[in-house]
Amino acid sequence: MRAASGNMDPNSKRFLYRVNKEENRKELKHVKIDESSIIASDSGNKSKKNKKNGNKMELPKKKYYRQRAHSNPFSDHQLEYPSCPEDMDWSKLYPAFKDEHTGEMTKEVTIADIGCGFGGLMIDLSPAFPEQLILGMEIRVQVTNYVEDRIIALRSNHAKEQTYQNINVLRGNAMKFLPNFFHKAQLSKMFFCFPDPHFKQRKHKARIVTNTLLSEYAYVLKEGGIIYTITDVEDLHNWMVKHLDEHPLFERLSKEWEENDKCVNIMTNATEEGKKVARKQGDKFVACFKRLPNPEII
Ligand SMILES: C[S@@+](CC[C@H](N)C(=O)[O-])C[C@H]1O[C@@H](n2cnc3c(N)ncnc32)[C@H](O)[C@@H]1O
């Protein structure tokens, strides 16, 4: 089982944990998890292995998904991506939003968490926006696996209430393929929470906010859509604000707006990085920008 193992000792606890989770993921990743599927899987053995505390599926443990902290966004990661948004089968990620009669999706993704890490933001946004589909995009394999396993467990444990059906994660490089996934003006919100700072000057080109990338973000965001940024690195905050300020399709929103926006509150407290910063009593710098209408071409 190469994907789970890499170069790991096949007798190690981590190897066995990953193999078990991978089987569970294959079985449940694309199925609609509701009360009937839980009853059906209870009679099988595989899913039982993942269940403790009565009928609850155990949440994944981060220690088994460790990998290098950074992934080079310029490497060729052999990622899978559709040739255009119409070729993307979203029903695999959000099966509860597929119309059983027509086979069509009843909603499209409108909220994106770019570099979602371990998925904390999506989990708090899910009940706040139950009618919107929320997608996390994450470049690191094991981190993506963790989020997938977390969502499977949450969907199973809340099968009766049918919650957490509106969130999912994709392994992808947001610096390369966003227009392959989203059509023009599809998104209403994009989150950039605690992006990798790439401190050294020669690494600044790897930052997730650059002039060129902002034009791509403006393409997938609708007019009035919002870019949310938060970081604990003041230099990166200033960099993001400078680039967004200079871009003709974005306008900064006021502190008063930030104070009244529920997403600012959620993103300040929900993400794993944000929690780490809070534990260390570090600063958090927030900046939000509105997508302006395209200028008229005369
Ligand atoms: C410092 S972590 C922050 C994670 C999360 N947003 C949080 O606040 O807890 C940055 C994340 O962005 C991911 N990342 C970096 N570059 C990316 C890219 N080009 N596309 C998708 N994800 C990326 C990294 O793998 C990492 O998990």
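Count begins at 1; order follows the chain as displayed.
Even glycines carry a Cβ here, placed using N, Cα and C.
Please treat TrEMBL annotations as automatic predictions, because they have not gone through curation.
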S-adenosyl-L-methionine binding, same site as Gly115, Glu138, Ile139, Asn173, Ala174, Thr271, Glu272, Glu273 - TrEMBL member from Cys84, Cys193: Cys193
Neighbour count (Cβ, 10 Å) for Ala174 (S-adenosyl-L-methionine binding site): 24
Cβ neighbours of Glu273 (S-adenosyl-L-methionine binding site) where a neighbour is any other Cβ within 10 Å: 19
Distance [Cα-Cα, Å, rounded] between Glu273 (S-adenosyl-L-methionine binding site) and Asp196 (active site): 11
Long-range Cβ environment of Thr271 (S-adenosyl-L-methionine binding site), under 8 Å and at least 6 residues apart: Gly117, Gly120, Leu121, Cys193, Phe194, Ile230
